[in-house]
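*Asks:* So Swiss-Prot says this about it:
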type	residues	note
MOD_RES	ALA2	N-acetylalanine
TRANSMEM	47-69	transmembrane segment
TRANSMEM	84-103	transmembrane segment
TRANSMEM	123-145	transmembrane segment
TRANSMEM	150-172	transmembrane segment
TRANSMEM	179-201	transmembrane segment
TRANSMEM	221-243	transmembrane segment
TRANSMEM	256-278	transmembrane segment
TRANSMEM	291-310	transmembrane segment
TRANSMEM	317-339	transmembrane segment
TRANSMEM	344-366	transmembrane segment
Amino acid sequence: MAGYEYVSPEQLAGFDKHKYSAVDTNPLSLYVMHPFWNTIVKVFPTWLAPNLITFSGFLLVVFNFLLMAYFDPDFYASAPGHKHVPDWVWIVVGILNFVAYTLDGVDGKQARRTNSSTPLGELFDHGLDNWSYVYFVVTVYSIFGRGSTGVSVFVLYLLLWVVLFSFILSHWEKYNTGILFLPWGYDISQVTISFVYIVTAVVGVEAWYEPFLFNFLYRDLFTAMIIGCALCVTLPMSLLNFFRSYKNNTLKLNSVYEAMVPLFSPCLLFILSTAWILWSPSDILELHPRVFYFMVGTAFANSTCQLIVCQMSSTRCPTLNWLLVPLFLVVLVVNLGVASYVESILLYTLTTAFTLAHIHYGVRVVKQLSSHFQIYPFSLRKPNSDULGMEEKNIGL
């Protein structure tokens, strides 16, 4: 498996023809964030590889997730009567979240600034963005947590799916239309949650207990914003863009079945994971919510990454992600009835396997594309120039 190649020769040929095509109509992004990023990118040295900026931002997101997992492992820290997360943690998480968001915004500008834009950079950026969504949602959950003043773990599970499907819709659009319509929700949510983290440090989590309007709690606002953004902005815009492409005869696929293929694996993942929750003899989501969310988010990220590879290379998306096979078997075993500790072991084993499989997929795809385009993923130096330097050294030049 160490040398397994996930990207086919047909896909590599498709990457050679790929040209970045994206549309960003978000006013916040256009009139506030892009001018800010244009200023920030000038701080970075021109020898700094864009992918290194992207990866650094992703690591900050992971750090926030782990930091909050330490102080709030089971999402009870914000509930009344429990030890709350220290104020300094909220400040750190808020600052790092905004820094990560900024790095995600300047990586493409650094690529254009250094004339180092490649399909690998686009795939690397969107692939890590895709995995980041589960980290974002789960970390934000700690603001409200569970309990009488919070949101139930099952409601958060459903909200996670709303966010995940909102992300994949934009890449499903590009798979069918050839144009990536950047979602409005991402920029708005990143700025908002960074601000809310800092506010939480100032006013304390107790401030979120109180109703802010007509007994409407902040937790309800949190839920309404996620669902409202998905149903009133993301989904309508995606369908509108798809319909426009259909009317203009610019759809890449003429079959409804083929157009929907990229959504099969995510939908099946939702069905299987939800079935596990509903059939669980030990109420697995209540026992290990953080691990369950991460398992779902990682499996989803793997399916979405495969879609991104296919839409960038103009190849057919696989109908089924093989990670769903062991998940199906686990759900089948759980339905037959197992002891609580056995179910927990199955969850942790499956989560570990999914994580290792996804990391292996990412590393191998990056290595394949780096070799294909003759570049280093984290350096602007060219492999050919290194070889030339060694040859000159050997002949005494």
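A Cβ is built for glycine as well, from the same backbone N, Cα and C atoms used for every other residue.
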*Asks:* Out of 47-69, 123-145, 221-243, 256-278, 344-366, what stretch is closest in contact terms to the transmembrane segment (179-201), meaning most Cβ pairs under 8 angstroms?
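*Replies:* By the under-8 Å Cβ criterion, the transmembrane segment (179-201) pairs most with 221-243.
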*Asks:* Could you tell me whether the transmembrane segment (123-145) and the transmembrane segment (344-366) are in contact, taking contact to mean 3+ Cβ pairs under 8 Å with a sequence separation of 6 or more?
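*Replies:* Contact criterion met.
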*Asks:* Should the transmembrane segment (256-278) and the transmembrane segment (221-243) be scored as in contact, given a threshold of at least 3 Cβ pairs under 8 Å and pairs 6 or more apart?
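*Replies:* Output no: the transmembrane segment (256-278) is apart from the transmembrane segment (221-243).
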*Asks:* With Cβ distances under 8 Å as the criterion, find the stretch in 47-69, 123-145, 150-172, 291-310, 317-339 that has the most pairs with the transmembrane segment (221-243).
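*Replies:* The stretch I would name here is 150-172.
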